[in-house]
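Noted in Swiss-Prot for the protein shown:
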- CYS70, CYS72, CYS85, CYS88: Zn(2+) binding site (BINDING)
- ASP466, ASP468, ASP470: Mg(2+) binding site (BINDING)
Amino acid sequence: MSKLEQYFDYVKINLASPQRIKKWGERRLPNGQVVGEVTKPETINYRTLKPEMDGLFCERIFGPVKDWECHCGKYKRVRYKGIVCERCGVEVAESKVRRHRMGYIELAAPVTHVWYLKSLPSYISILLDIPLKDVEQVVYFNSYVVTKPGNCTNLRYKQLLSEDEWIAIEDQLYQEDSELTGVEVGIGAEAIQKLLRDIDLEVEAESLREEILVVKGIKKDKSIKRLRVIDNFIATRSDPTWMILTVLPVIPPDLRPMVQLDGGRFATSDLNDLYRRVLNRNNRLIRLQEILAPEIIIRNEKRMLQESVDALIDNGRRGRTVMGANNRPLKSLSDIIEGKQGRFRQNLLGKRVDYSGRSVIVVGPQLELNQCGLPREMALELFQPFVIHKLIQQGLVNNIKAAKRLIQKNELIVWNVLEEVIQGHPILLNRAPTLHRLGIQAFEPILVEGRAIKLHPLVCPAFNADFDGDQMAVHIPLSLEAQAEARMLMLAPYNFLSPATGDPIIMPSQDMVLGCYYLTAENPSQQVNRSLYFSNFDDVLLAYETKLIKLHSYVWVRFNGNVDDDDEKIEEKKLDGNKKLHIYPSRIKKLDQDNNLMVQYILTTPGRILLNNVLFDSLQLQF
């Protein structure tokens, strides 16, 4: 298969026309034969264990099961590449083509796409300007809809008729002296398709724009909603009739595999059962139409075909959910695509990438704002190519194999080289869900023991992280451009403001707030001890470290600075030599005879002194 390198700006998901669906599955073989249509519900032959021709696993349509080998075994080996076997009609190719080659089913009757019928808002209902209930009545063969009222005064365009009402009109229509002409009614997806075909989008959009200027209230809202849908159809150049399926795509067989288990039984994807139901009903409808079966039987078969296609696209969206073995609902195409475990979020957006790791985060209060603690074991694995390069560059080993052996032995020199390698090499930390750009930031790694990533507590609000078991992913920017970009744009200190509000996002939270509160909190159970006097803050901290006092013990400590205190004096004592002692609730002042301050003691706790020292050190102030 030739590889094509093509750059693109975006991926657009759009409605597919029947011709495009056919084009996906239809292929012209080198011998001129056109293949692609799946006509049989069979999967594999249970005696030969080979796929049935024209079935859901057909090798002629989807490609060979074994590399470079046709179905009958006439051609084997890569030298026959591109040859189509005359006996079985299978093209000799790689088996991996079965992962991308599609097929299609030509439906005997049109069916509505359940997403456009049953999703809210219902696009078919909005476009036709018919209530959803009424559209469903028509689609599932409960009511008729007037597609042409003709000259009948009692009928109007898009009017719903019951079975009895239509029979009464039909009787009048086929009478010899009947004056009724041009009356047409329809039922099922065919009728909806005809109504959609009758809509001229450009004309309808123009008339709605004029209507919006005149009408008010609910009618205006309804018209705006309808105009928006019509404008989208015009903008994407989509035909409304494409919401009615006449050709059904069949996804590649290797995306809905069938595997043999040890006991000889087979495990298969639910999609195969759902496709088989569609094919059985489609083939039965074709046979009934060929033998000119009564209308009521054909109509019932068309309804069953509609329900089987609904179940294939979105099982359970409408009507009874199709169950498999053990009374378990079968997984439809929608179930495979949507949700956290779906194809987009699990496999496409959530891919595992090289040079990345994941671990629990713990608080690292000793880190700088631009640093994070990276476990040594993880760092060695992530930076291994850089370490190997450095070991060879320094002449410590001769080749990659020897370097890997050295790393496996955990030699001391390896850790020294790792320290050198991570210097100035930023790493990216990401916490899911990444709801804004600050969910992924760059840090300079610091090697730490253990297996947890250490995170600076100030960056927690940006990541919306806490330390109750949260995990974060680590990514290594490899190229110099990526490293420069991470350092210049993504480093944590440069992401100070929230991009949403412009307010500071680097602020104390979680453990920091709790720690500050705990340090400064008062303990009512602790008694003010008049005998605990200290000459300075250092003595208090020494007493705390030697466990003579507790973190919340009240102490009197000498302090000669200014104290802003509005407390009233509770007692005044006269001392020898006309000296005075002024006692306040939280301080004691000793004054000389001229009222000059001699000494002052303040009431505090070791916790408050600790916080005070940290604040003053960070502000680079001294007493």
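Here, residue 1 is simply the first one shown, and the rest follow in order.
Positions of Cβ are set from backbone N, Cα and C atoms, glycine also.
Predicted, not measured: the structure shown is a model, and the values here were computed from it.
Annotated features taken from Swiss-Prot, shown on the structure.
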{"residue": "CYS70", "record": "Zn(2+) binding site", "Cβ within 10 Å": "24"}
{"residue": "CYS72", "record": "Zn(2+) binding site", "Cβ within 10 Å": "14"}
{"residue": "CYS85", "record": "Zn(2+) binding site", "Cβ within 10 Å": "21"}
{"residue": "CYS88", "record": "Zn(2+) binding site", "Cβ within 10 Å": "17"}
{"residue": "ASP466", "record": "Mg(2+) binding site", "Cβ within 10 Å": "14"}
{"residue": "ASP468", "record": "Mg(2+) binding site", "Cβ within 10 Å": "8"}
{"residue": "ASP470", "record": "Mg(2+) binding site", "Cβ within 10 Å": "17"}
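Of all the binding-site residues listed here (ASP466, ASP468, ASP470), ASP470 has the Cα closest to the Cα of CYS88 (Zn(2+) binding site).
Report note: the Zn(2+) site is defined by CYS70, CYS72, CYS85, CYS88, and the residues of the same chain whose CB lies within 8 Å of the CB centroid of those residues, excluding them, are HIS71, GLY73, LYS74, TYR75, GLU86, ARG87, GLY89, VAL90. CYS85 (Zn(2+) binding site) sits 58 Å from ASP470 (Mg(2+) binding site), counting Cα to Cα. For CYS70 (Zn(2+) binding site), the nearest neighbour among the binding-site residues ASP466, ASP468, ASP470, judged by Cα separation, is ASP470. Put simply, ASP470 is the one of the binding-site residues ASP466, ASP468, ASP470 whose Cα lies nearest to the Cα of CYS72 (Zn(2+) binding site). Reduced to three states, the DSSP call for CYS70 (Zn(2+) binding site) is coil.
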